[in-house]
Ligand SMILES: *Cc1c(COP(=O)(O)O)cnc(C)c1O
């Protein structure tokens with residue numbers, strides 16, 4: 001649809017994604033970069049972001065769910081691609097045939113991968129997932145020891161290749177937290193155990209965005225950032241995107257579709273949770289919670305109309321929210337409102353929305369609705 005017909009859209013700056021990956025590559029020194037593109041590239045759009053990340057120097061990509069990985073392959077993404085979420089009983093033959101890197105975080109997952117590999121008639125590339133203390137995915141203790149022996153047998157058969165081992169931090173956003181160092185040590189210990197069992201993992205990876213930005217000791221052979229690829233800060237307490245040399249790639253804009261005078265004392269939106277304190281002008285923004293505007297942003301969500309900073313007036317509805325533009329506002333229907341964009345440009349940011357609504361910037365961007373068209377800017381020629 002031509003832009004003049006759109007009520008709202010998200011601009012995705014692919015040049016910023018490219019530059020962010022270049023920055024992460026530079027920060028991580030000799031380590032390779034695996035860009036995490038799960039959840040439709042954190043709401044930014046899988047395919048264009050994958051191309052931009054690869055252009056920026058990422059050598060590997062990752063998505064959480066098997067279905068996301070297969071969709072990426074079907075869309076023509078051929079780069080090394082890790083996936084880690086699939087249930088017992090999943091048919092992994094297509095995954096092996098598609099040359100995905102399959103994570104094994106349980107003894108049964110190794111069996112499932114082996115079965116897929118035998119049926120596909122090729123060796124499956126495996127990264128063993130160690131739970132070094134997050135207490136989420138991956139294996140520890142006896143299960144892990146059993147997996148190493150099982151994996152060594154399957155390697156000897158030529159069914160799998162344990163190319164990598166990986167793990168994930170609980171507290172990477174608090175670099176001084178004692179678990180960070182402990183998890184790294186536990187991970188390296190597990191790698192030692194794997195080697196003693198006869199495995200030769202070449203790619204050891206541990207660092208998410210926060211660890212990539214703040215903890216060089218965790219870079220190992222490859223870093224695995226998601227959020228920072230999109231130019232958002234995983235550690236807003238330490239600094240925003242400009243502090244880390246990152247640039248937010250997403251700007252969400254909408255056009256006012258109704259501007260009108262309102263008297264003092266007028267209740268606004270469902271439940272009248274906002275009342276105009278004085279005679280004023282109201283502006284209607286045609287995006288709502290179905291588009292990813294958090295409903296918790298009622299009366300607090302920040303927006304900008306040019307240089308004017310505003311807040312949502314009253315409840316966020318499914319498709320619309322209202323702004324109190326102030327008395328004498330010269331805003332008109334058609335004017336553009338920035339809902340989130342760049343800190344360096346003085347715009348409200350995903351982090352501002354997160355702070356205002358009690359969540360994290362990850363959730364703000366990943367929940368951007370499917371209904372919001374993405375416009376891609378800065379595509380490499
Ligand atoms: C999402 C995820 C990442 C990326 O995390 P960010 O904080 O976005 O950098 C890395 N590894 C795993 C296992 C993940 O689930």
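Even glycines carry a Cβ here, placed using N, Cα and C.
According to TrEMBL, the protein carries these features:
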ACT_SITE  38  active site, proton acceptor
ACT_SITE  270  active site, proton acceptor
BINDING   136, 318  substrate binding site
DOMAIN    249-377  domain 'Alanine racemase C-terminal'
MOD_RES   38  N6-(pyridoxal phosphate)lysine
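A map of TrEMBL features onto the structure.
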residue : record                       : CB count, 10 Å
38      : active site, proton acceptor : 19
136     : substrate binding site       : 10
270     : active site, proton acceptor : 11
318     : substrate binding site       : 11
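Sorting the domain 'Alanine racemase C-terminal' (249-377) by DSSP state (H, G, I as helix; E, B as strand; all else coil) yields 26 helix, 44 strand, 59 coil. Here the C-alpha separation of residue 38 (active site, proton acceptor) and residue 136 (substrate binding site) works out to 17 Å. Model confidence over the domain 'Alanine racemase C-terminal' (249-377) stands at 98, taken as the mean pLDDT rounded to a whole number. A coil conformation is recorded for residue 136 (substrate binding site) in the three-state DSSP classification, outside any helix or strand.
Following the DSSP three-state reduction, the secondary structure of residue 38 (active site, proton acceptor) is helix. Between residue 318 (substrate binding site) and residue 270 (active site, proton acceptor), the C-alpha separation comes to 11 Å. The CA atom of residue 270 (active site, proton acceptor) is located 40 Å away from the CA atom of residue 136 (substrate binding site).
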